[in-house]
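Student: This is the structure I have questions about; it appears just below.
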């Protein structure tokens, strides 16, 4: 009954005109009308509720929800004299969104007379034409922008970034705008924080006034410290813009962020009105994306390495028939996998809770009002569910905890010494020790919790502030819809090895794939929510254009899709251009994956030349960049005649070495000086003829 009334209140509030809600504090007759309307709404919703079975959830549960479009208060855009700040975020894993919300929450405490609104860039404008109209009205903006992949924007920032960087010349049209940009990236990658840097520069070029230098958050170290340092630069600038001379709000009292916490409602599992949320093939939405994935069964799983190998590489096929999911050759698939059961059991012991604990998760208070610290809450995962389900599918348990998680653990540690130690590790004074003991040692969240056994956060805190949401893992699709229209193929190397603490780290998704049960062996097969992320890693529109593909190890994945595509075109009578594949592995008797298929592509004419580097066969290690040097003349002939170059694989090592080799080939074969060589290679990238799918 309580849940039904809560649903009635929520529904009534959403349909009543704003005047009625406001009338409760004004005209008694209007207040009576509002009350009557709410009661009628409640009766209607209660009738529907009980007729439908007492609130039992539908058979097909909703997938992980997308954050709703930004709700702006009725007076947020009114000209009431208050100064306004818009805080944008472009996020892939939720970190940028978390920083944006934390910044806004602290800013509201510091500047009570100002209005702050946090906006998902994807929700800012329904159509591209609206971007300019809306931006012209902004006066102060803060942007939190993550760089993803090979210098690309995140999914939710891609449309804005494309419009802002590729649109018509706008000249000086943002002269009334003041802005600050914080980037999130990893210094190990070539295009470190490219998106933030580009947006920061373009905003200035188009008339905006930069408040502070662009923040360069580095996830390879402690990105939270980078955010804190940048934030401390921003406050004095905002003080000048938002604080009156007589305004001392927040100036003397240090701000302490509230620890985010979901509202948890424990449910008697015997209540048949509630069922554990389950998945169906369709996701109930017309959209399939990171927030609306679809369930896909594992159809095929097989080991690609030979028995002599001490490593593992898995070929997996997802069955997408009946899901509405489509893909193109070269796209990526995002996979929401499960934690290993051993990992989950350890978490259950540390939380001291039964795996059958049944509960629902809510981001608001019982009366529907925002929770304390709720401004930084992510939308809750689907519930009700058991603790076992929540830990399996939604909790990131193996990454190193952020400092905010240590603060939350400290708040719920019964041992004072443990609480003090946790707070120290999260403090500026403990920066070096946190860097060594947590980050460099690759201590997982569960390892840290085991080291502080008195820290027992309630479930609402654990899922909101301690364990981040388990993120999808991305894989280059290794098939073509021309050959496999109802399947998505994945080629995945098993992540397995010791950490500095001696723990054997097993990759969450690769381990799940290694142990997956395919439908060809059992009706009780493994499955995962998946979605397709579009990529610009595509074959030339003209199939006669020559191509060079460079992909050692699992970097072969998208090129297997390319070659399937070319084979299908060949079989349909289409003329193909020259194609060369540089592949690398350790030993032909261990890890030469898809060897038979590659030979068949050559025999059928889909592949012109296959060049393989074996790094562990001869006296000297040989890699793909060495083979490129041997084929320098051939590579230059293809490139100089309009050919395309594709690279897939490790960004930190292989892709850098290949880039250097290409630079040398262009310089020597083209007889160019260093400056002209750099310009030539950059023009290949700008023209879309030098494409990289790297991680």
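Yeah, the Cβs are placed from backbone N, Cα and C, and that goes for glycine too.
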Student: Any idea which of 9-29, 30-50 is down as transmembrane segment in Swiss-Prot?
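Tutor: The listed stretch tagged transmembrane segment in Swiss-Prot is 30-50.
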Student: If Swiss-Prot says 311, 554, 615, 616, 621, 622, 623, 624, 625 bind NADP(+), which of 271, 352, 650, 657 does it name for the same site?
Tutor: 657
Student: If Swiss-Prot says 473, 474, 475, 476, 491, 492, 493, 507, 508, 509, 510 bind FAD, which of 230, 235, 695 does it name for the same site?
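Tutor: FAD site check in Swiss-Prot: besides 473, 474, 475, 476, 491, 492, 493, 507, 508, 509, 510, the record includes 695 out of 230, 235, 695.
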Student: Look at the binding-site residues 491, 510, 625 and tell me which residue has the greatest number of other C-beta atoms within 10 angstroms of its C-beta.
Tutor: 491
Student: Restricting to the topological domain 'Cytoplasmic' (51-695), report the mean pLDDT as a whole number.
Tutor: 91
Student: Cα distance, residue 91 (FMN binding site) to residue 493 (FAD binding site), nearest Å?
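Tutor: Rounded to the nearest whole number, the Cα-Cα distance is 26 Å.
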Student: Between the binding-site residues 146, 493, 508, where is the Cβ count within 10 Å the lowest?
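Tutor: Among the binding-site residues 146, 493, 508, the lowest count of other Cβ atoms within 10 Å belongs to 493.
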Student: Which Cβ among the binding-site residues (94, 149) has the fewest C-beta neighbours inside 10 Å?
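Tutor: Candidates: the binding-site residues 94, 149. Fewest Cβ atoms within 10 Å: 94.
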Student: Measure from the Cα of residue 623 (NADP(+) binding site) to the Cα of every one of the binding-site residues 186, 189, 192, 473, 475, then give the nearest.
Tutor: 189
Student: Please identify, from the binding-site residues 189, 475, 623, the residue with the sparsest Cβ neighbourhood, meaning fewest other Cβ atoms within 10 angstroms.
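Tutor: Lowest Cβ count within 10 Å among the binding-site residues (189, 475, 623) is 623.
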